[in-house]
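Noted in Swiss-Prot for the protein shown:
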{"type": "DOMAIN", "residues": "91-126", "note": "domain 'EF-hand 1'"}
{"type": "DOMAIN", "residues": "228-263", "note": "domain 'EF-hand 2'"}
{"type": "BINDING", "residues": "ASP241, ASN243, ASP245, HIS247, GLU252", "note": "Ca(2+) 1 binding site"}
{"type": "DOMAIN", "residues": "264-299", "note": "domain 'EF-hand 3'"}
{"type": "BINDING", "residues": "ASP277, ASP279, ASP281, GLU288", "note": "Ca(2+) 2 binding site"}
{"type": "DOMAIN", "residues": "369-585", "note": "domain 'DUSP'"}
{"type": "DOMAIN", "residues": "734-1567", "note": "domain 'USP'"}
{"type": "MOD_RES", "residues": "SER1350", "note": "phosphoserine"}
{"type": "REGION", "residues": "1353-1432", "note": "region 'Disordered'"}
{"type": "COMPBIAS", "residues": "1360-1370", "note": "compositional bias 'Polar residues'"}
{"type": "MOD_RES", "residues": "SER1372", "note": "phosphoserine"}
{"type": "MOD_RES", "residues": "SER1376", "note": "phosphoserine"}
{"type": "COMPBIAS", "residues": "1415-1424", "note": "compositional bias 'Polar residues'"}
{"type": "MOD_RES", "residues": "SER1454", "note": "phosphoserine"}
{"type": "REGION", "residues": "1484-1504", "note": "region 'Disordered'"}
{"type": "ACT_SITE", "residues": "HIS1526", "note": "active site, proton acceptor"}
{"type": "MOD_RES", "residues": "SER1588", "note": "phosphoserine"}
Amino acid sequence: MGAKESRIGFLSYEEALRRVTDVELKRLKDAFKRTCGLSYYMSQHCFIREVLGDGVPPKVAEVIYCSFGGTSKGLHFNNLIVGLVLLTRGKDEEKAKYIFSLFSSESGSYVVREEMERMLHVVDGKVPDTLRKCFSEGEKVNYEKFRNWLLLNKDAFTFSRWLLSGGVYVTLTDDSDTPTFYQTLAGVTHLEESDIIDLEKRYWLLKAQSRTGRFDLETFGPLVSPPIRPSLSEGLFNAFDENRDNHIDFKEISCGLSACCRGPLAERQKFCFKVFDVDRDGVLSRVELKDMVVALLEVWKDNRTDDIPELHMDLSDIVERILNAHDTTKVGHLTLEDYQIWSVKNVLANEFLNLLFQVCHIVLGLRPATPEEEGQIIRGWLERESRYGLQPGHNWFIISMQWWQQWKEYVKYDASPVVIEPSSVLNGGKFSFGTAAHPIEHGEDRISNNLGYMNTTEEKYSDNISSASEASESTGSGFLYSGTPGADMCFARQHNTSDNNNQCLLGANGNILLHLNPQKPGAIDNQPLVTQEPVKATSLTLEGGRLKRTPQLIHGRDYEMVPEPVWRALYHWYGSNLALPRPVIKNSKTDIPELELFPRYLLFLRQQPATRTQQSNIWVNMGNVPSPNAPLKRVLAYTGCFSRMQTIKEIHEYLSQRLRIKEEDMRLWLYNSENYLTLLDDEDHRLEYLKIQDEQHLVIEVRNKDMSWPEEMSFIANSSKIDRHKVPTEKGATGLSNLGNTCFMNSSIQCVSNTQPLTQYFISGRHLYELNRTNPIGMKGHMAKCYGDLVQELWSGTQKNVAPLKLRWTIAKYAPRFNGFQQQDSQELLAFLLDGLHEDLNRVHEKPYVELKDSDGRPDWEVAAEAWDNHLRRNRSIVVDLFHGQLRSQVKCKTCGHISVRFDPFNFLSLPLPMDSYMHLEITVIKLDGTTPIRYGLRLNMDEKYTGLKKQLSDLCGLKSEQILFAEVHSSNIKNFPQDNQKVRLSVSGFLCAFEIPIPASPVSACSPIQTDCSSSPSTNGLFTLTTNGDLPRPIFIPNGMPNTVVPCGTEKNVTNGIVNGHMPPLPDDPFTGYIIAVHRKMMRTELYFLSSQKNRPSLFGMPLIVPCTVHTRKKDLYDAVWIQVSRLASPLPPQEASNHAQDCDDSMGYQYPFTLRVVQKDGNSCAWCPWYRFCRGCKIDCGEDRAFIGNACIAVDWDPTALHLRYQTSQERVVEEHESVEQSRRAQAEPINLDSCLRAFTSEEELGENEMYYCSKCKTHCLATKKLDLWRLPPILIIHLKRFQFVNGRWIKSQKIVKFPRESFDPSAFLVPRDPTLCQHKPLTPQGDDFSELRIPAGDVKKVDIQSSAGEEDVLLSKSPSSLSANVTSSPKGSPSSSRKSGASCPSSKNSSPNSSPRTLGRNKGRLRLPQIGSKNKLSNSKENLDTSKENGAGQICELADTLNRRHVLGGSQPELVTPLDHEITLANGFLYEHEACGNGYSNGQLGNHSEEDSTDDQREETHSKPIYNLYAISCHSGILGGGHYVTYAKNPNCKWYCYNDSSCKELHPDEIDTDSAYILFYEQQGIDCAQFLPKTDGKKMADTSSMDEDFESDYKKYCVLQ
């Protein structure tokens, strides 16, 4: 595509320069510098975008770039100039040589036909027929022959048509002058263009303070009040807000300031009249006059001390006197003219006008017209502040006296003092804005209660300057003129202007000329007032610097003080190198407001972890604990000044925002010494109370990525060297250190720790009497011992936090899946913890064999009692007593109706949350009648298609489905039309809108004559009255990229055949779609450009339109249709409304339409009809009566610049009405569910799918079935797990559904299986005592566990250990009564857990035992072969195998499960049985009857059973994203107070502060239980010797730890 060097060697750079003027060359150089920066080369991308424009086809642009000499390095400026001169001012001979060079060979001496045809195919897509004449004599031609042929065939191809035929369409310079936004505003106001440019910067800074993004009354009010009274703020806002949209745009504030401050007196009084005309009816009623008088008297009292008669008169008398003297209509009100006559000589009205004058300049940013005016404005503001006195919470600013005196001379400031009363710069003294000198006292520092001086001006303003420039509607030099005074003052902040000032005071002979007019001062220089900081650290606060203490600064001699509004104005007008804000506070002793000049200067340290060596490693399996040989290094990072009255909480919040660190991830420590730090955790303490003085060191601690705290980890690592300081705390209110993403463990431990019966069991040491160190599936008692030691520390009441090192190590040893530093599932850890505690404390040391029988139609109570008895024979512990309940699971065959029932134990209920099966969609409907768009809210199925969306939306908005066109709008244009058969997408490139389109009618032949009535009524503009047999003509042509809402009769060929070189000619013979796309467009002018086509670039804005257009639509109809839709955006003011414009010279509405329609391509930038080399922005559509043949093009609505600047209401673009369905759908989407609904869903009947066929023992085959779970027995401690992590559609997702649950008196009895009281009998079903040696199971009645092996991998299906059985983890094969719950969608080989589970848990490991997880497909088959072969083994083998595999699996780190078929097979069911509860109410486990509770009576048990009411005592909450996030616990202490356990932090809080929305696990305790009844008797029992356990632990501990 061209050579690497320029092909324009025939035109030299020097010759090209002679053809451009100096002005043009400077513009080109500046444009090149703006585009390329300091580089001498322009990239190809910049060349295409900035020089040629986006309308040139990419292939053509690439050819031109290469022909100019562009390479991969770029295009040199000299080559660019030569190329531009050739294109715009080259001679035909030179252009012919250029075209020849494009096709010539490397040598440039001839053109080869094959090469030329190849390039023409690339550029034009075809080869002209006349080309064969050029090569009639051979395959090569020289320049002469090529030139002769080219001049005879100038229209042969694109380049020849562009450069040789039809004249020049692009020039080097564009002399047209489109008015800029500022020029337009300056033409209709009394403001200069420079004033408007300067005012715009201020406007965007003020608007940036809005919370809504609009300059509304909520934003405007605090800015002007005080000094404007709140009663007048709304009226003043309305006076600016001409279009009454509750938003002051820049045009309105410019015109309002012009009318209020720069116009003649009569016009200024007009503005005041609008302030008092509340109802905007053009007159002041009696009520409005009374309110006006009240407001004016308040203004007078605030600003003047003079006495006037009106102060002593009755309000009604004043109103009557005004009406009697000036009411010309004699109807009891004042017109505008009446008000003007009254206000001319009225002192109250004039004083109000003076106040507005001050506010408009100081607050709203208008620059004073003269220095004298500036001095009067500032003086008036300071006089009023002197009457108010110092107000706590306000900031005052220090200004160097040297600059202040120079400014006073410049503005001719009156030197008489302005006294502020009371003054508190000195204790009880007064200060004035005069020359009186007062020293600063050093004895008592004055401090700020405005944290960090966040309201100061300098930083906030500098951060927002860019937004002001971006808002400008002209680019290049249109916004900021570097030579204007306003620009210099706003951006030249750092230079010292004293030299300039001295020069201004010297005459030509060197004599001082003090009598001359003083020179305008430069930027405010406060540097002499502050000390040079020796500490080189970043300051986090904006106090500006520490004031000098020596020599002593004296007020009135060294500095002056001004209130914040005055400082902002001076800063805006002059700039400053240093802002010195100082706040006003109340003295804690005298309660007198005072100004703090010397706030506390604090030094902040940050941790810098030391580099670890191989010897100083981290703890293996323990967390990120550093070595004691590598202590944490702390370095000075920041400084900051804060008030002594500031609380720790306020400082913490400020630092969090300033450093962009989450509050929960940062803590503050008081640094006393290297080894003595104090955590500042009491947020209500003030610096004064803590006796924190200047230059005190504080440590900013930030969490590690693994959620541990560096200081804590360092303390743990050095705990042998540093004495732990005992701090008395509430028992149980002790946190747990995060050892590296162990918040999941801490949360579960805290919940279990606050289970009072279990905690009392451990605190009393009873666990040491029941340690089972011989249990093959236990943990040798280590789990119980470590947990017991930790509980005793937590409830000792001597430590604020402890590190659970031993328990963490024990868990990691026996469950490696919890090892490492990744976030885990708190529920999984809880299950493992309870399981480990149970096995270590199991009172059954030799487990007997039990038999699992089929229900065979037996009563539920009998089967349940049998299952419970079987479990109790093998499992007895404090964990079983407290946490275990029983579930009934029944499966009903849909073929024969046979019901199979089994009962399983559970220790927590896992309730699947209903996943969001609906998506919430809000869509805006835009109608053709121009009414305000309406937003509708819908709830759609997740797989809903746009067809269904149309139907639902049609029912809401009243349009037929055929009238709705969906479009994705992005960057003010339509990017895509979704097809009806596509699924609705929430994440689209833009936002989805629904446009109304004309109803398609029956198709009409384009060739047949159509009789139409072309007359149109004014209401329809002739757009919808064209009929053929009473119907609208059916659209039969669909342009490229448009939706097939209507059936096309044409083909795609109609479109593509018409495209030649990017040129789309008119297609008058092609039918239309019935509508076309219209986009709003404005021209953005730049003064730095390369070609005339790029001086004014189109820019799209606003919302695109859908305009009706058929084969019969006239051009005038298009204008009418567009105006109908946009008139609400550009409505002229009501004729009776007084305008704020100084002179309304806007004639944009004088003609019919304030815009012009042009035919453009889909991108809206270039013409759809003209070829690219014409550089046409769109052919104009005349507003005439002839037909509008638009074809498949779009139209651009080009707004007249004056109308756009003065009449177009940008804020109205975003105005939509919200239909009631929006709130309804939002509420439905976010509506929480209650716990009862979760339980109801859990116990509801479900149908098993075809992939979950149930093997029916009656039908002897797999059948379809239904399944139902029910609660049979509830434990004293009920744990409810809300399954937020679920596997849906192949991926893990977290449900954010809010679940409402009761805290007190939770009654789940409605979900218990009803009992038949006639069958209840207290019949012993188990032998008395602990000896089960005589219990044997016949071999013929049991089935073996099927062990499936595949590729060397072993999948063993086992029973869960008793404490690991959750309600939803029912461990039976598909179709069995205990198969997985319907609502818990699962993934293969994964347990019902979070995706944070270890890979060891989720996958198969060779040589390891793997347990099937919930929903797993790897379950025991129900096939007949398995059933038959399983009869060979006996129950003894089964139980032996189960115990062995359980032990091996626990040691491997996973939770065991046993899954066996119910029919004819054994299941090691974890059920309880009490002899007396075979038909009990099932409300509670009550007390065990076979070992230590023989003395309990049946009456006590019956009482317990009759109260299944629970109270909440602990919550584990998960916040954040899936796969991460954070766990915290809320628990109720025995002192009846709630505490928040956030790792090592434990704080008391009010119950209403609990974050219940993120609840994950709920812990309920049954009302009325006696903790003592669960404590076993230790009489006659021997405490276990744990010395060997300690030795074992220490031995293993040292293997994993490098600490000594």
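Backbone N, Cα and C atoms are what each Cβ position is placed from, and that goes for glycine too.
Note: the CA-CA distance between HIS247 (Ca(2+) 1 binding site) and the residue listed as 'active site, proton acceptor' rounds to 42 Å. For the domain 'EF-hand 1' (91-126), the number of residues in each DSSP class (helix H, G, I; strand E, B; coil) is 23 helix, 4 strand, 9 coil. Reduced to three states, the DSSP call for SER1588 (phosphoserine) is helix. Looking only at the domain 'DUSP' (369-585), the predicted model's pLDDT averages out at 63. For the binding-site residues given as ASP245, GLU252, ASP279, the lowest number of other CB atoms within 10 Å of the residue's CB is seen at ASP279. Apart from the site residues ASP277, ASP279, ASP281, GLU288, the chain places the Cβ of PHE276, VAL278, ARG280, GLY282, VAL283, LEU284, SER285 no farther than 8 Å from the centroid of the site's Cβ atoms, the recorded Ca(2+) 2 location. Here the domain 'EF-hand 2' (228-263) has, by DSSP, the following mix of helix, strand and coil residues: 24 helix, 0 strand, 12 coil. Considering only the recorded positions HIS247, HIS1526, the Cβ with the fewest other Cβ atoms within 10 Å is that of HIS1526. Annotated pair ASN243 (Ca(2+) 1 binding site) and ASP279 (Ca(2+) 2 binding site), C-alpha to C-alpha distance, rounded: 14 Å. The candidate set comprises the binding-site residues ASP277, ASP281. Of these, ASP277 has the most other Cβ atoms within 10 Å. When the recorded positions ASN243, SER1588 are compared by the number of other CB atoms within 10 angstroms of each CB, SER1588 has the fewest. Other residues of the same chain near the Ca(2+) 1 site, with their Cβ within 8 Å of the Cβ centroid of ASP241, ASN243, ASP245, HIS247, GLU252, are PHE240, GLU242, ARG244, ASN246, ILE248, ASP249, GLN1209, SER1211.
According to its DSSP assignment, ASP279 (Ca(2+) 2 binding site) is coil.
According to DSSP, GLU288 (Ca(2+) 2 binding site) sits within a helical segment. In terms of local Cβ density within 10 Å, ASP241 ranks first among the binding-site residues ASP241, GLU288. Looking at ASP279 (Ca(2+) 2 binding site) and ASP241 (Ca(2+) 1 binding site), their Cα atoms lie 13 Å from each other. In this structure the C-alpha atoms belonging to GLU288 (Ca(2+) 2 binding site) and GLU252 (Ca(2+) 1 binding site) are separated by 24 Å. Between ASP277 (Ca(2+) 2 binding site) and ASP241 (Ca(2+) 1 binding site), the C-alpha separation comes to 13 Å.
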